[in-house]
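Colleague: Below is the structure I would like to discuss, written out as structure tokens.
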Amino acid sequence: MEIWVSQFFNGLSVSSILLLIALGLAITFGLMKVINMSHGEFIMIGAYGAYMTQQIFKSTLPKSLFDAYFPVAILVSFVIAFAIGYLLEVTLIRFLYGRPLDSLLATWGVGLMLQQLARSIFGAPNVAVSSPSWLDGGLTVFSGVVLPYKRLFIIALVALCLFAMYLYIYRSNAGRRMRAVMQNREMAACLGISTRRVDSFTFAIGSGIAGIAGCALTLIGPIGPSIGTYYIVDAFMVVVLGGVGKLVGTVAGALGIGVFNTLFEWWTDASLGKVLVFLCIVAFLQWKPMGMFAVRTRSLD
Amino acid sequence: MLSSSILPRRVWLLIGYAVSAAALFSAPLYLNDFRLNLLAKCLAFAIVALGLDLLWGYTGILSLGHGVFFGLGAYAMAMHLKLVSSGSRIPDFMDWMGLTKLPWFWELFKSFAFAALMGIAIPAGLALLLGFFTFRNRIRGVYFTILTQALVIITVTLFVGQQAYTGGTNGLTGYTKMFGYSLKSDTAKTMVYLATVVALILAFLLCRYLVKSRFGKVLRAIRDGENRTRFLGYDPSSYQMAAFAVSAGLAGVAGMLFVLHVGIISPTMMAIVPSIEMVLLVAIGGRGTLVGAVIGAVIMTQAKSELSASYPDFWLFFLGALFIVVTVFLPGGIVGLIRQLRQTIIRRRSTNEIKLNSVVPEGNGVV
């Protein structure tokens with residue numbers, strides 16, 4: 001029983017990070033039909049944002065304030081990733097609309113350059129971010145099951161982001177415009193929505209969320225220039241499994257992959273677990289080729 | 001408008017092919033060891049590029065998983081070489097991992113014919129299987145591409161994880177002999193090089209035959225409008241599966257040759273980065289033209305060898321920029337660029353001719 005609970009909890013925390021990463025991918029893919037392979041590098045940008053914040057706190061502020069750096073780091077990561085995402089959309093992505101496979105190659109190139117840039121600035125070896133002391137330890141549910149505060153914090157952070165995204169997409173005017181563009185770009189443009197502005201803003205938000213995910217990852221382990229590549233393919237699988245264009249699909253996809261991944265890896269070993277997850281996904285797609293929650297459409301292609 | 005050239009285009013092409021083939025076959029005479037080895041690697045990658053072009057350029061399916069097929073071919077050959085080189089004992093890494101007996105599936109690779117067959121059959125079979133489960137359900141485009149990428153991840157994890165059977169992260173290396181000859185000797189190197197040239201020419205002819213045939217026409221129809229092809233009564237999925245399998249088989253051949261040239265295969269060589277670089281070979285040369293794939297492979301592999309050796313940091317910036325420039329500005333690649341230039345020249349020439357032709361009769365007419 002104990003082991004089940006802690007395995008499930010681990011699965012949940014893996015899912016929550018995957019969810020944060022896949023959120024941005026799902027939006028940009030659904031909205032602009034752009035495959036952003038450099039999304040993983042926005043995770044890296046967020047992670048290094050947290051690292052820099054920590055260094056600044058260490059060097060300029062008194063020691064007693066150090067523990068407060070993490071909330072600031074989250075904000076910093078979001079803002080930096082948002083800004084770079086906006087810049088990328090304006091300079092490159094807008095030339096690639098409607099060419100998903102080309103966008104995949106070009107953004108892969110962007111990712112390579114960003115990785116090399118990080119390597120030149122911060123050095124190739126991983127750097128460690130020391131997490132704030134109030135996240136040490138864990139919550140004892142019952143004997144034998146300890147839920148680490150760090151992972152609980154990540155889950156809470158993801159829930160908060162998800163809630164904010166829900167409010168943004170389904171309850172705000174900007175979100176309404178976004179959904180309109182997603183469903184029918186031409187019609188939305190006819191009704192006076194600036195699709196250009198929606199595109200760049202949405203892309204930037206997606207990148208910003210990836211930045212938050214990167215910041216959260218610093219709680220789990222050391223960070224390096226290629227941290228994003230570990231997560232990017234899994235995040236894409238979440239999008240494929242969950243279906244494009246609906247928040248609930250991304251949530252379900254992330255939960256499914258995260259939990260099953262953890263469970264399979266526990267039952268077999270890490271390498272076979274991955275194979276099993278992949279087989280399950282392919283099997284599931286036999287049944288629902290468009291993912292769990294596809295937006296219904298009558299268009300042929 | 002091409003009447004200005006003395007010979008028809010076909011003849012020029014044939015001459016071009018013959019000259020390149022002659023240059024390739026005689027390369028051992030004028031290249032030193034290092035250059036010859038590099039060229040051999042380029043040609044091995046050209047075979048992958050041909051297969052990828054068949055799939056991406058002609059059928060419109062982008063696979064980012066060709067590193068896996070390449071790697072499977074390479075491992076098949078490497079297993080054979082490893083067994084031959086370690087003689088009667090079991091390979092050294094198995095010893096370290098605590099195995100005492102050769103696993104049964106390694107036993108089979110003692111025969112060269114079996115290994116060579118498996119180097120093609122395993123990649124092609126895997127592609128057929130994956131294709132069966134994706135194309136039949138009309139999983140295509142980006143979805144398919146992402147699935148191939150996942151295939152790369154799981155294969156690499158599997159090969160790293162099953163260390164006792166695959167050599168883990170280190171891969172398979174340390175082969176010395178083949179057919180009883182030393183692999184290090186100059187004769188062996190030249191023979192392997194020539195085998196690569198022959199394989200490349202055969203692969204080129206096969207792809208050319210496929211592309212020119214009815215099969216190739218259907219592939220292009222699928223690329224340009226899958227649903228319309230379906231409405232015409234074709235079953236796109238079987239054609240897609242066939243193209244995917246042929247393409248994977250060619251990647252397997254290339255992998256086998258690669259092992260012979262380089263002498264090592266490890267999971268890093270079939271990871272995501274090499275897989276995407278293979279796609280770039282086709283993109284640079286020009287997708288949808290077989291010559292483009294070969295040109296792209298040769299140029300890029302050479303450039304990579306030069307640049308990454310002298311400027312390891314600069315190389316990744318260069319590679320990244322290349323991805324961006326090619327996709328945004330040069331969708332047709334090098335061959336597309338050449339075609340564009342030729343068209344411009346022809347147009348310019350023809351407008352000149354029209355001017356000349358039109359001025360004279362008008363003058364006559366007025367008078």
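For all residues, glycine too, the Cβ spot is worked out from N, Cα and C.
Automated prediction, rather than curation, is the source of TrEMBL annotations.
Annotations per TrEMBL:
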TRANSMEM  A:12-32  transmembrane segment
TRANSMEM  A:69-93  transmembrane segment
TRANSMEM  A:105-129  transmembrane segment
TRANSMEM  A:149-169  transmembrane segment
TRANSMEM  A:201-223  transmembrane segment
TRANSMEM  A:235-263  transmembrane segment
TRANSMEM  A:275-295  transmembrane segment
Colleague: Does the chain bring the transmembrane segment (A:69-93) near the transmembrane segment (A:275-295), so that three or more CB pairs sit under 8 Å (pairs 6 or more apart in sequence)?
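Modeller: They do not touch: fewer than three Cβ pairs between the two stretches lie under 8 Å.
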Colleague: Which sequence-distant residues neighbour the transmembrane segment (A:275-295)? Criterion: at least 6 residues beyond either end, Cβ under 8 Å.
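Modeller: For the transmembrane segment (A:275-295), the sequence-distant neighbours (Cβ-Cβ under 8 Å, at least 6 residues beyond its ends) are 30, 182-183, 237, 239-246, 248-249, 252-253, 257, 260-261, 264, 268.
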Colleague: The transmembrane segment (A:149-169): which same-chain residues, six or more beyond its ends, come within Cβ distance under 8 Å?
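Modeller: Sequence-remote neighbours of the transmembrane segment (A:149-169) are 9-10, 12-13, 16-17, 19-20, 23, 74, 131, 134-139, 175, 178-179, 205, 209, 212, 216, 219-220, 247, 251.
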